[in-house]
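The structure under discussion appears below in the form of structure tokens.
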Amino acid sequence: MTTKCTVMAVVLAACICLQVLPQAYGRSTQGYGRMDKLLATLMGSSEGGALESASQHSLEKRQIFDPSCKGLYDRGLFSDLEHVCKDCYNLYRNPQVTSACRVNCYSNRVFRQCMEDLLLMEDFDKYARAIQTVGKK
């Protein structure tokens, strides 16, 4: 009897997953198109040169300090900013997103788009202060 209940529960869970997954996939592809357009725009603009040099110059995987940041070194702030870029990479799985997110010490349109896509805009002021602190020139 317990085996039948377990099998029924697994089948029910699989049916629910099949109904939910296409909707989740559809929402994520809309955001993916926006990020592709933004990256393509940046490749042709003045930020594009910085983006290309950032993508050519790879930082170590675990490196938390960005040498383009000339302000106050605060490991906690760098960690918060880098966390946004890593989450954005996990959302889009595009290495250019990570490097573009770090350009100009996180002060760029890709970082802002990542914040919007990750639903972090209610914390915008916190991140803006962090960028100003670590990125003063």
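Each residue, glycine too, has its Cβ placed from N, Cα and C.
In Swiss-Prot, the feature pyrrolidone carboxylic acid is assigned, of Gln56, Gln63, Gln96, to Gln63; the remaining candidates carry no such note in the record.
Listed in Swiss-Prot as the disulfide partner of Cys88, from the options Cys17, Cys69, Cys114, is Cys114. The disulfide entry in Swiss-Prot for Cys69 points, among Cys17, Cys101, Cys105, to Cys105.
Matching Swiss-Prot disulfide entries to the candidates Cys17, Cys101 identifies the partner of Cys85 as Cys101. A gap of 8 Å separates the Cα atoms of Cys101 (disulfide bond) and Cys114 (disulfide bond). Between the candidate recorded positions, Cys88, Cys101, Val134, the densest Cβ environment within 10 Å is the one around Cys101. Taking the C-alpha atom of Cys114 (disulfide bond) as reference, the shortest distance to any of the recorded positions Cys85, Cys105, Val134 belongs to Cys85.
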